[in-house]
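Enquirer: Handing you a structure now.
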Amino acid sequence: MLSTSPLTPAATGGAAPERDKSVNAIWLRHALFAAVYAVMVVASITVAYSGTSIAIVWPSAGVAVWWAVTCRGWRSFAWVAAFVFAVPALYLGAVDGHAFLPVIFVGISHVLTGPAVGLALVLLEKKFPPRSHFGGGGGRVAARLVLPHQVYRLLIVCLLMIPVAKGVGMVGVGMEAEVSVELYTGLVLRDLAGVLAVAGPGIAISSAVGQAISAAALRECAGVTAVTAVLLALIFGPGQDLPIAYLAMLPLYWSATRLPVIVASVHVVITVVTTMTLTYLVGAGPFAVSDDSPMDQASATQIFIIMCVLLSLVVSTTVQQHATLAAELEALAATIPDALLLIDRHKRAIPINAAAHDVVFENQDGEILARRLREVDGELLDETNRPSSAALRGENVREMLVELAYPPAGGTDDDRRFYSVRASPLSLPGEVEPGHAVLLYHDSTDEYWRMRHLRRARDEARALFEYAPQGVATLDDDGVILQANRALGELIGAPAAQLVGRRLDEFSRDGAFAGEIEAALADPGTLVQVDRDFDSADGWEKRVTLSFRTIAGGGRGSTLLLVNVVDVTHQHEFYELISHIADHDALTGLINRRRFDADLADILNDGDRDRGAGALLLIDLDRFKAVNDSLGHQAGDDLLVKFATLLQDCVRATDLVARLGGDEFVVVLPAADRAEATAVGERILDTANRRFRNRPGVLGEVTASVGAAMFSEANGSSTDLLVLADQRLYDAKNSGRNRVASNPLAGEQVERILKTDALRLELQPIVDMKTGRVTLAEGLVRVTPAEGDMSAGELVAVVEKAGLGPELDALVMRRGIGLLPQLQQASPGFRLSLNLSAQSLGSEEVARVIVTELTRRRVPPGSLVLEVTESAPLPDVEAARAFQRRLREHGVAFALDDFGTGFDPYRYLKQLDFDVVKIAGEFVESMTDGGVDLSVVKSLVRLAEDEGMATVAEYVSAEQIFEAARRLGVTYGQGYHFGASLPPREFITEHLTGAGAGAPVADEKG
């Protein structure tokens, strides 16, 4: 309470009035204490026995102590000490005329007796604060009297400080008069009685300010006070000299044991004040001392006062402490959820709290007994094994899990109650041996069932681990097996117990599992899987899948790994079989198109490959269909198998051989240059000719055609590589078959061909499937023999690669449109279809040439059809659409060529408008075999019909194909069945006017 800032000022606003009130109360309290102290000093000196400094009591000392403990700061304490020093000094010096120096010593003595004692109490209170606090309000004190030890503390401080203080005072007294031990003792008792009689009850009352006092307590206080008054009247009655004054302590004991401390303090103050008054007025006869000795009279009275105050304060605070502890204990017992009860040697139970009533019952004789207990397995506990019996024998029962034998066994689990019981012996006063047992029942029903479930789960987990159909083991972070189940032992071929302590990688043919273990430990909870080959003890190699996952270490101090080992040997073998089936042609055993595409991509992406080397040979059997048609599919299949073997014999093991479908094969030579590729192609043809030439019938007519393309020509694109090889294969077939086409056109040769007009057009008939008449022809560009043995496919590929597609198309358009008047003269309404490069779609120059030629030749609308091949994405869709709109205004129709094999046919259909769809020949020529090819043709026909487009079936090479296409509703047919391409004059004669007939036509170039 003695702080450096005794008053804390309010921050702002509404706290100011409260602060003012507090300040006013403090000053009022100090003024009141100052006035009382001054009066008490004067009164004490006044009532002293004549000729001595001895009074019955020195109340000013008690007032000074009480005043000091109410100080809120060092400043106020210093002011109090100064006032306590000044009042007696001034009175003795000014009124009684004592010398200056003795007065100083007396003033110091008063300070040591009053403020110094109060300061010591406050400091001890701060050093050893009580467990509980009572009181408050405006009279709050820094040192309290609510507990017995605080009363003892006051007494001890007084016994230490007051003798010292009186010693200082005796120095001053000795300067003017004689001193004696008797005088010193009298002064000590005087001040001790004053402090205890005033400061003791005063501090106790201040400590209890604010406590509620019942009306019954007040009534009882009034009664006991009245009894005290009557008793004191009898004790100090006239002529009564019997030493019976101590009988006045009886009512004090009554109030101290039954009333609150504050009430008992008031009672003792009344008793002490009354006793002092009567003693002063009547005499000390009741204390059995001589009236002739004032010192003896004062000492007897002072001792009586000290005893009364100590009796009242010590007993009342002790009773209050016991009552408080009992209330706290009762509250604790009432609030704890556990059942607390006592059991005596007669087995009778005393419930301490409400929860205890759940474990006791009342028998027919009205006795309360504890319910019977049974062990968790259902067996009733006999009398000697009960916790209460053990406690009555002097034993402590730490914890015993039992079941309450009520309700009877056989009830549902919800009715059963389990308790963890603690028991301790208790010896009450007067008992030599423990006469009672204290039992604490903790309801552990939920914990019991949880433990049961955990045990069951643990047992189930152990069973799952042990009897799992797959191998399971736990490993440490080094891969050492800590546990293994039966299945793992059977998989490895050793008892599970013998696997413990061995490293799991001992059984792996592929080395350690350090990487997998490290990955699992680095990311706890993540599943890490790996496939390995295991060697079993029986000598068999087994393929297994291992799954690693971290689990809690269970107190081992490190993370464990759970590994699941699954024998996938049969699945692996089956997978390899399925993979082989999926990647290989069922007939020839060669890899199929799916596997070929992947392997070719790997070869093209191989960074170690010589970028200038590598070739692809696309091979097709000539006249193979004739074998199927005349000898049956079995003969055709035998031929394909033999040819596949032939191909493998003609290449190296590092080369790639595949069957793409039908009679089409492919060979990839990763390290070959053009000369080597051509040589391999020639070797294949030569070997085929030798093996098939002498076979009977159509088998002897079978040859092969090869189209070769270099990797460097396709810029690393497998699609471009196949397209280029296919173009050269087409050229090889059109050039007479049984040959290799591999030489590309040089750029200057292409420019020379375009500039010197070394091109000619041939026409291939297109037949109306309903009438069988030739109503349409496709113009096919050919290179004149003067430019060498160069295929049209090679020409187109190089032209497009050089970006000269529009120049070639413009030349073809002039040539083709120039033929239309002569064709229509031979067959009115005849139409011509010309190929247009995707590069020319949107070309203003090509559109201008077409419009100019149609106008100049006066070609009727609908006579010209432009075929677009979807070999690449459109560079400019809007320009292509504008190109179409302009030409449609002049009656030009559009056809989508080779539909189904190009870049993205359906995107072309969505982006542009077409009148005709030409179905790719690779689907048409094989549709009579059924399967996917037939389904594709059907779907394309339905698509065209839904969109109002005509259809053309390409590669119609036999009557069966023609009939199948007509049944499906195909509009037109084109292929060798109707005729090969011919020069215009021969075409008109052959197909339009009859043999040897027809109007003369202009030269193809003109």
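Sequential numbering from 1, following the chain as shown.
In case you wondered, yes, glycine gets a Cβ from its N, Cα and C as well.
Bear in mind that TrEMBL entries carry predicted annotations, made automatically and left uncurated.
The following feature annotations were taken from TrEMBL:
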| type | residues | note |
| --- | --- | --- |
| DOMAIN | 457-502 | domain 'PAS' |
| DOMAIN | 612-745 | domain 'GGDEF' |
| DOMAIN | 743-995 | domain 'EAL' |
| TRANSMEM | 26-45 | transmembrane segment |
| TRANSMEM | 51-69 | transmembrane segment |
| TRANSMEM | 76-94 | transmembrane segment |
| TRANSMEM | 100-124 | transmembrane segment |
| TRANSMEM | 154-175 | transmembrane segment |
| TRANSMEM | 187-209 | transmembrane segment |
| TRANSMEM | 221-239 | transmembrane segment |
| TRANSMEM | 259-282 | transmembrane segment |
| TRANSMEM | 303-319 | transmembrane segment |
Enquirer: Taking contact to mean three or more C-beta pairs under 8 angstroms, with sequence separation of 6 or more, is the transmembrane segment (303-319) in contact with the transmembrane segment (76-94)?
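Expert: Counting Cβ pairs under 8 Å, fewer than 3, so no.
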Enquirer: Six or more residues out from either end of the transmembrane segment (221-239), which same-chain residues have a Cβ under 8 Å from its Cβ atoms?
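Expert: Answer is 245, 247-248, 250-252, 254-255, 259, 263, 266-267, 270-271, 274-275, 278-279, 282, 286.
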Enquirer: Six or more residues out from either end of the transmembrane segment (154-175), which same-chain residues have a Cβ under 8 Å from its Cβ atoms?
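Expert: For the transmembrane segment (154-175), the list is 53, 61, 99, 101-106, 108-113, 116-117, 120-121, 124, 145, 183-184, 187-188, 191-192, 195-196, 199-200, 203, 310.
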Enquirer: Where does the mean pLDDT land for the domain 'PAS' (457-502)?
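Expert: PLDDT averaged over the stretch: 82.
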Enquirer: Which residues of the chain, 6 or more past the ends of the transmembrane segment (259-282), have a CB below 8 A from one of its CBs?
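Expert: Non-local partners: 47, 56-57, 145-146, 197, 200-201, 204-205, 207-209, 211, 213, 217-218, 220-221, 224-225, 228-229, 232, 235-236, 238, 245, 248, 251-252, 297, 301, 304-305, 308-309, 311-313, 315-317, 320.
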